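These come from TrEMBL:
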DOMAIN    6-56  domain 'Inhibitor I9'
DOMAIN    86-518  domain 'Peptidase S8/S53'
ACT_SITE  D95  active site, charge relay system
ACT_SITE  H164  active site, charge relay system
ACT_SITE  S482  active site, charge relay system
DOMAIN    592-686  domain 'Subtilisin-like protease fibronectin type-III'
Amino acid sequence: MLGTLLQSKEESVASMVYHYKHGFSGFAAMLTQDQATRLAEFPEVISVKPSRRVRTTTTRSWDFLGLNYQSSHTPASELLQMSNFGEDVIIGVVDTGIWPESRSFSDVGYGPVPARWKGECQTGPDWGINNCSRKIIGARFYTAGVPDEYLKRDSLSPRDHYSHGTHCASTAAGSAVGVDGEEASFHGLAAGVARGGAPRARIAVYKSIFAGYGDSATVLAAIDDAIHDGVDVLSLSLTVPYENSYGALHAVQKGITVVYSAGNDGPRPQTVEDTSPWVLTVAASKIDRSFPTVITLGNKQQMVGQSLYYQVKNINSSSHTASNFTKLICAQSHEILHQIDVKGAILVCLNDNDAINPSDDFHHAAKYVVEGGGSGLIFAQYTTDTLSSTVAYCPGIACVIVDIYISRRICQYAFDSSSPTAKIEPTRTVMSKDVLASKVASFSSRGPSADYPAFIKPDVAAPGANILAAVGDSYVTKSGTSMAAPHAAGVAALLKALHPDWSPAAIKSAIVTTAHVTDGHGMPILAEGLPRKVADPFDYGGGNINPCGAAHPGLIYDIDPHDYNKFFQCANVKEGISAIASCNTTSMPEYNLNLPSISVPDFRSAITVSRTVTNVGELHSVYHVVVQSPTGVKMEVFPDVLVFDAANKVRKFEVKLSPIWNFQGGYTFGSITWQNDRQVVRIPVATRITIQDFYADVA
């Protein structure tokens, strides 16, 4: 058709951009308006439409959560406007430091540092007093106790040479980058406006980790200084020893919302970290962005995997690269890799290891291809939650992750062909409702808590898979609950700006009770794992974070932070020559702590749990209860209607739980929802019927 239209074979070939043939029949071509109009008149053509730029606006995760940034086309979301983009809220980031020259930390347009700030700007060999600014208002670093071998590999200053802290800080509170100029991207991928959840918030840096090493002493020192300095929110994208949770308790009792990452040991149960009830523990979820990478076989058949593969500029076209058709080799087992000559070839690696985390196998295979002079790796695994490994472990080669089915299709072609070849095209970015999201990422640690099973953990999920944010002077994607925690910290900062009188418990309640348990299509949120399943509270707590909903939660489950002491009677206990805080004993049933969740892990007979809610919505309002009982449990709520007015802003209700069965069971889940025509306030419920103490059912 193009040859007929353009009257030239050469011009038709030159105009062709894409040829679609597997999903549907069609093509994309560079045409003038007149040529497009004439092409539309061809009898074989159903339609001709102009290719429109997909505007991405980290670059996507905040828009996915409903926090749209202002642009020439759309206004900023209501929450951003009402909170003035988190103006003057101070977020403390306890991490590996920060890279102050990043565009994400520009202080252009910022007013003076808040007068209440009492922090410092510590200097070092590569950090001067001017590296602090009206954006990065404080910076400290903690070297005492850190072994010299780690200090020698890092900088004795707040500067971040390991990228983690910079990435997290820019996710929580980075200034908007790419609104009027060059967009942020990773070599053109995930391009758009990069900014933090609270882009006008101030950042205080507490470098507690050096060359990957950190300990409880440095983290506790950072928390302690942060309390003094006057931060409003603390973001800790790290897992910490047991005693640090009580450092966090002190921060909470001073009015600081403390956010921790849940850990990256999923999908195994009982791996969630940082499970104290006074902190917000955040799982990782996926967003509606995909990085499809086309693999074309020698027989012209095309398969699609996921990657972050980009074409290196000025590469020698005559060299062996995966972008050209090259030899294809299939390895059915990792054990036979040493027998294969991969020079100049693309290796397909069938992952025959059923381990929960196949990253070690990927690393081994990529290293073999790189050292053997190969041009590409196609690696089969059950999930594609994290793609940063396709860059980190693949210098100079193309690495693509595919599922098991596609890998076997490719290998079948290789076995059937006498001279199998393939090529790998550079990755594209696709952002669409057609991409299934949200889903809990496979690596995200799961509950129940091994330390405090009477509290549902994690509390909530937030974007943490393939998140683009600042690293040095550029932008890179990273995955982990480390990326999820600063998303929640950014939301907490916006809520603090909007509701400055709210306690940390109120902020946590608003986030948990308004979280989504269904995706954009109304389907239950899924959790990646072995196998993929419908998510439950041990995957995502209350659900996937919903910033705009959290701004107006209707009701909150508030806690006087000193009430935690009633449940955790702490005393100094001697262990050898040191004393530690022992807080294992409780003076009241843990399930009566006024959390936005209920967990009864040792459920033998009928019990009554109490909760108190405070109306922060319309003054005169009525809420009706909707009860979803856990399987095997009869759950009743009294009263079933709550009426609020000027004289009655706080209401108490009781939940009666009665076991229907009598055996040693597993956890089952339900929920209690208070709702009216404007608000839905939901808390998760988890119960485990037992008849014996300390009975394991894992044997």
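For all residues, glycine too, the Cβ spot is worked out from N, Cα and C.
Since we're looking at a predicted model, the values are computed, not measured.
Using DSSP to sort the residues of the domain 'Subtilisin-like protease fibronectin type-III' (592-686) gives these counts of helix, strand and coil: 1 helix, 61 strand, 33 coil.
There are 20 other CB atoms within 10 A of the CB of H164 (active site, charge relay system), with all protein chains counted. Residues belonging to the domain 'Subtilisin-like protease fibronectin type-III' (592-686) score a mean pLDDT of 94 in the model.
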